[in-house]
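See below for the structure under consideration.
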Ligand SMILES: C[S@@+](CC[C@H](N)C(=O)[O-])C[C@H]1O[C@@H](n2cnc3c(N)ncnc32)[C@H](O)[C@@H]1O
């Protein structure tokens, strides 16, 4: 998916993926990961998700990466804080309290950028990417996360021929094929959410599940 696509979505405020509250499945399943407060949580393709504020409120530190300056500035404005801004080879860094957001390309992050992260939270990130980029995303970006890392991944599954992505359908077999090299993958919950997603129904989608996975980095 070209960067221009996402910049245009933010410029046009076409951000149906954004939620006005933290993700309920995050609140339900995160405690089962046993991630210690103080851990730095990586939030790839972060948008302006309130999940980042939830992590900070639980005592975690957050590192997000997001292409759109509009999204990042809206996130901090929404919380009434003025971040410190600096530049690096990764992009523009916005820092306030325990939250650091890099305005840049997630694929430009290297081992050093992610070395301090002990956890990862992926909602509407893997599934935002087309198949060829999903492979790079997991085998290059996730592969840079340190060995003790653990995480939560939330995906969507629907008949892909019924609708064009994003979000794309990423079925369990693909999740295992993508992650099994470097991660133990465990399915925590599968939920039929079609009746709650009118936009999918309007587009003719006949089945829609969300699936939550626990990821544990192999040593
Ligand atoms: C579907 S949205 C999800 C945002 C957020 N995870 C949420 O739950 O609201 C995907 C986001 O990824 C961003 N994005 C897409 N490609 C990216 C890339 N290569 N690097 C950083 N951000 C990217 C887009 O700008 C968009 O805000």
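Glycine is no exception: its Cβ is also placed from the backbone N, Cα and C atoms.
For 10, 45, 66, 123, the entry in TrEMBL reads S-adenosyl-L-methionine binding site.
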Other CB atoms within 10 A, centred on residue 66 (S-adenosyl-L-methionine binding site): 28
Mapped DSSP class for residue 10 (S-adenosyl-L-methionine binding site), helix or strand or coil: helix
Cα-Cα distance maximum in Å, computed over every pair in 10, 45, 66, 123 that the record assigns to S-adenosyl-L-methionine: 18
For residue 45 (S-adenosyl-L-methionine binding site): intrachain residues, at least 6 apart, with Cβ closer than 8 Å: 65, 66, 67, 106, 124, 125, 128, 129
Sparsest-packed among the binding-site residues, when each Cβ's other Cβ atoms within 10 Å are tallied, from 10, 123: 10
